[in-house]
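Student: Below are the features I grabbed from TrEMBL:
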- Leu13, Gln14, Gly15, Arg28, Thr94: substrate binding site (BINDING)
- 19-214: domain 'Radical SAM core' (DOMAIN)
- Cys32, Cys47, Cys50: [4Fe-4S] cluster binding site (BINDING)
- Phe49, Cys50, Asp51, Gly96, Ser137, Pro138, Lys139, Gln177, Pro178, Met179, Asp180: S-adenosyl-L-methionine binding site (BINDING)
- Thr52: Mg(2+) binding site (BINDING)
Amino acid sequence: MIVYRVKEIFYTLQGEGSHAGRPSVFCRFTSCNLWTGRERDRHRAICQFCDTDFLGTDGPGGGRFRSAADLAAAVAKAWQGGDHPQARRYVVCTGGEPLLQLDAAAVEALHAEGFEVAIETNGTLPVPTGIDWICVSPKAGTELALTAGDDLKLVFPQPEAMPERFEHLAFTRLLLQPMDGPDREANTAAAVAYCLEHPQWQLSLQTHKYLGIS
Ligand SMILES: C[S@@+](CC[C@H](N)C(=O)[O-])C[C@H]1O[C@@H](n2cnc3c(N)ncnc32)[C@H](O)[C@@H]1O
Ligand SMILES: Nc1nc2[nH]cc(C(=O)O)c2c(=O)[nH]1
Ligand code: SF4
Ligand SMILES: [Mg+2]
């Protein structure tokens, strides 16, 4: 039986959010509940601005893993940082929407391989126990199932999901990330202006795109 479908597994720096700059293995799960991933469906998706190819299992390190232990072994194989007393191994589970697949067994197996486990999620699905770092990125037109965590990283601007709506939630940090696409420059300027006026919000840039790394 195939348990986990993964688009790609790769080692890079976390580009976004509070852990930007941290060496990380990215485990990108296939599929999302807010878009099919097909360009022809984008205009009618709930989430229309996605910057990611999460379809299939054909990326570097991707595949179909038959158990949590197999998945964790593939993640461990991708880690290139060795072991150091001041740097725990770090895996970022993303997608697609990782919470369609990531379960307590996978989190446990990743812990057993020595990883601290982070997740990037749209916040619409319940989380399994044991995840060490939760980043929720809310999407207009959806209801949040996850209203507490570490980073709340809002892609900006989304007219139907403005920052005020999320300020009362129980997150350690509130971040605005400029929406990439044809208006990235204007969106970045608008996000800078918003943070300057509302200092409870901080800017999150997608630094990997500026650096030209994955
Ligand atoms: C591709 S998503 C995968 C994880 C999950 N489905 C989610 O939406 O959080 C990873 C991160 O990229 C952000 N993102 C996606 N498209 C973006 C865009 N065009 N500009 C800026 N951030 C984007 C998401 O909001 C999320 O924080
Ligand atoms: N370097 C890098 N940092 C990231 N942070 C979140 C990402 C994602 O796609 O979830 C991402 C990504 O795709 N690459
Ligand atoms: S929820 Fe995340 S993965 Fe799904 S389409 Fe939106 S940004 Fe992409
Ligand atoms: Mg990305």
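Yeah, the Cβs are placed from backbone N, Cα and C, and that goes for glycine too.
TrEMBL entries are annotated by machine, without manual review.
Remember, it's a predicted structure, so these values are computed and weren't measured experimentally.
How about a rundown of where these features are and what they're close to?
Tutor: When secondary structure is read from DSSP and collapsed to three states, Leu13 (substrate binding site) falls in the strand class. Same-chain residues at least 6 positions away in sequence with a Cβ under 8 Å from that of Leu13 (substrate binding site) are, in sequence order, Ala20, Gly21, Arg22, Pro23, Ser24, Thr207, His208, Leu211, Ile213.
In sequence order, Cys32, Trp35, Gly37, Arg42 make up the list of same-chain residues 6 or more apart from Cys50 ([4Fe-4S] cluster binding site) whose Cβ falls under 8 Å from its Cβ. DSSP assigns Cys50 ([4Fe-4S] cluster binding site) to coil in the three-state reduction, placing it in neither a helix nor a strand.
A strand conformation is recorded for Pro178 (S-adenosyl-L-methionine binding site) in the three-state DSSP classification. Sequence-distant neighbours of Pro178 (S-adenosyl-L-methionine binding site) (same chain, 6+ residues apart, CB-CB distance under 8 A): Val155, Phe156, Arg184, Asn187, Thr188, Ala190, Ala191, Leu203, Leu205.
The Cβ neighbour count for Thr52 (Mg(2+) binding site), using a 10 Å radius and every protein chain shown, is 13.
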Student: Within 10 Å of Gln14 (substrate binding site) by C-alpha distance: pick out those among the binding-site residues Cys47, Phe49, Asp51, Thr52, Ser137, Lys139, and say none if nothing qualifies.
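Tutor: So the list is empty; none.
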Student: Anything from the binding-site residues Leu13, Cys47, Phe49, Thr52, Ser137, Lys139 with its Cβ under 6 A from ligand 4? List those in sequence order.
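Tutor: By the Cβ criterion, which requires under 6 Å to ligand 4, the hits are Thr52.
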Student: Can you figure out which of Cys47, Asp51, Ser137, Lys139, Asp180 (the binding-site residues) comes closest in space to Arg28 (substrate binding site), comparing Cα atoms?
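Tutor: Out of the listed candidates, the nearest Cα belongs to Asp51.
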Student: So for Lys139 (S-adenosyl-L-methionine binding site), how many other CB atoms are inside 10 Å of its CB?
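Tutor: The answer is 22 other Cβ atoms.
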